[in-house]
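Notes for the one structure printed next.
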Amino acid sequence: MSDKQSGDGDNKLLYCSFCGKSQHEVRKLIAGPSVFVCDECVELCNDIIREEIKEIAPKQKQDELPTPKEIHSHLDDYVIGQEHAKKVLSVAVYNHYKRLRNGDVHDGVELGKSNILLMGPTGSGKTLLAETLARLLDVPFTMADATTLTEAGYVGEDVENIIQKLLQKCDYDVEKAQRGIVYIDEIDKISRKSDNPSITRDVSGEGVQQALLKLIEGTIASVPPQGGRKHPQQEFLQVDTSKILFICGGAFAGLDKVIEQRAHTGTGIGFGTAIKDSSNKSKEGELLKKVEPEDLVKYGLIPEFIGRLPVLTSLEELSEEALIQILREPKNSLTKQYAALFSLEDTELEFREDALQAIAKKAMSRKTGARGLRSIVEAVLLDTMYELPSMSNVSKVVVDETVIRGESKPILIYDSAADKKSISE
């Protein structure tokens, strides 16, 4: 639509070339070569494109869902050991996204949601498994700490803030958020303080479990856009949490004793009594594999909450050999990460085998699992990383067992000299 003259002189009233509205009827008019488009038409075009993408995207992604074997294989690249947990997760995640892509109801049968509960000691790989799954599937991922959550109306973090964080990860794209994965850590810390409900309010225990129930099962969560504070006049984003996969994790210290106690209940006195031999007690990891919902109720989780987490799996405590593998084998292993950092300074970093063994031993003694490996390596290499950028001609840094034990400094090998020097020289 050509410009129309309004009044005398150079005053021209401009019109949108698409809808015909004047510049006074719209908020903004964008100019192009001899044409104009208003903000309302731009928004309308965006809506049309979004709707078309929604129709095309599911068809494109139908063939992209990896099989359980492919998911397991990808997890193998980043997570050492935990074969049973990886198999359980691969199947549960595959079924969840198959359900999303084919609808909740198939041939008249409603497909239930497969949220997951991971049990295992600190540093056994619970968080890494969840992160790796999200990265493989290219879906938004967020973590929450159950210990910071409280019931609505109390000081602390509201459970709906979890969905807020997920939206932030995908620029408040609701469709993307609804395909996301939420990992809630330290879930064992919100267990009820005793088997009997207390008269007093337990705002960080059973109360949080009650608050999480609907969120995990599936509800329409109202979240303020762009992180704004809630107020009555504000439009909320509506997020359907029934499409979000929730993975809850915790160490569940002492749960093995609950399982063991159940295994020995019902035994009588006399000849039929099973003798409890401490030398024949199963390891904690083996006991966790035998967990039943009733054990989790005894531990302090309410039955309704356990019912929303139908997939239960446990992770074993990592052995010294597994920790050495973690240091060396995964695609993003610690030794490879630090070697890449040193390569940016044109320096090669070498960890000798006895150094890896010493790091694993130290992590085992600290009982921090794989999580403690980085802090050990960081402390060992701190002085070297501080000095190296100011030094020249260092071609290689070697770390051996004595360095890990604090008896010596890393060995520096120079280009210009055949001799070796330590960082302290």
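All positions are counted from 1 along the displayed chain.
Positions of Cβ are set from backbone N, Cα and C atoms, glycine also.
Record features, source Swiss-Prot:
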{"type": "BINDING", "residues": "C16, C19, C38, C41", "note": "Zn(2+) binding site"}
{"type": "BINDING", "residues": "P121, T122, G123, S124, G125, K126, T127, L128", "note": "ATP binding site"}
{"type": "DOMAIN", "residues": "3-57", "note": "domain 'ClpX-type ZB'"}
For this session: Can you grab the distance from C41 (Zn(2+) binding site) over to T127 (ATP binding site)? Cα atoms, rounded to a whole Å.
Result: 45
Problem set entry | Nearest-integer angstrom distance between the alpha carbons (Cα) of P121 (ATP binding site) and C38 (Zn(2+) binding site) | 58
Exercise. Which of the binding-site residues C16, C19, C38 has its Cα closest in space to the Cα of G123 (ATP binding site)?
Worked result: C38
Problem set entry | Using Cα positions only, nearest of the binding-site residues to C19 (Zn(2+) binding site) (T122, G125, K126, L128) | L128
Seminar exercise, completed: Ordered by sequence, the long-range same-chain Cβ contacts of C38 (Zn(2+) binding site) under 8 Å (at least 6 apart) are C16, F18, C19, K21, V26, R27, K28, L29, I30
Exercise. Under a three-state reduction of DSSP output, how is G125 (ATP binding site) classified: helix, strand, or coil?
Worked result: coil
Exercise. Which one of these binding-site residues has the most other Cβ atoms within 10 Å of its own Cβ: T122, K126?
Worked result: K126
Exercise. In which DSSP state, out of helix, strand and coil, do we find C41 (Zn(2+) binding site)?
Worked result: helix
Exercise. Where does C16 (Zn(2+) binding site) sit in DSSP terms: helix, strand, or coil?
Worked result: coil
For this session: Check the domain 'ClpX-type ZB' (3-57) for me and report the mean pLDDT.
Result: 79
